[in-house]
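Listed in TrEMBL:
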DOMAIN    6-129  domain 'Arf-GAP'
DOMAIN    132-233  domain 'PH'
DOMAIN    255-360  domain 'PH'
């Protein structure tokens, strides 16, 4: 009996070592050490917890701690990540956001449920709840002034190329009407204080505005997110007919590169440093008094190195402003230097890495145009 078990464990390790099984089948995390004995995929610990919540579809076991019988190992050998992905991910729309292990729980859970439970991607041309070019429904929106979340009607239209929301269900005129190509959406469960929290940002007069929403249903809020991406994709296909699908995909919604508190001083660099919440959204560095502010108090364009932008560790010698945090950062632009301080060296290095990643990228023609339009800078 012991010999049989040893042979089974050896066979399991051989399947586990295949290159195709070196990343989690659902989020791409390296070195997965769990597997589904009913789906035949190798997954990470975090994704295994989601699988465990759909026991009618997936039975999960640890590759290190649990016992596997010969039939289960043979099933894994026959399937594995490559074969199973070919079945359950055969027809994913190009605009659909496929989360990674860095993404929040609701995105990863709905991705897993969409694949294995709802089988949304197994057939070509399947009608999906986020693919028909229009979506209407209620989202709970945070009030700009009182901070209360109240139900509001939202309407997304591919034909009109916009997202609207109404303060009342029977209202004829929307409170906002935003063109789809200036919208970004990113999940912010911690900042919003809800596991299904979604931040929608848009540009108005070349300034950033924020809307914070959530829905009680994880599926519904993720459907809204992918519906926005779907409408954006088809709008941009028309606007840029010679662009490839992948080029357009890269222009859809994006996560912020970095968020967090820093201290800042004014343009004279003699004022006291003030603690503010900063968001780096590609080339837009914005600051807010509160993370849930609807409007940025100031923003600055971060260009490329070849256009005179750079980031430096520390503050210029002789900086006079009073600051309580001592890990400085200097952003150099063609017009002026911007000075910040971070609470810890870890924060400082993470911000420098984020700024460097932006500065090292060449600017697109659209970004040149954005810089020319952008008259906003950090006030004192």
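Residue 1 is the first one shown; counting continues down the chain.
Cβ coordinates come from backbone N, Cα and C, glycine included.
The average pLDDT for the domain 'PH' (255-360) in the predicted structure is 91. Residue counts for the domain 'PH' (132-233) under DSSP (helix as H, G, I; strand as E, B; rest coil) come to 23 helix, 47 strand, 32 coil.
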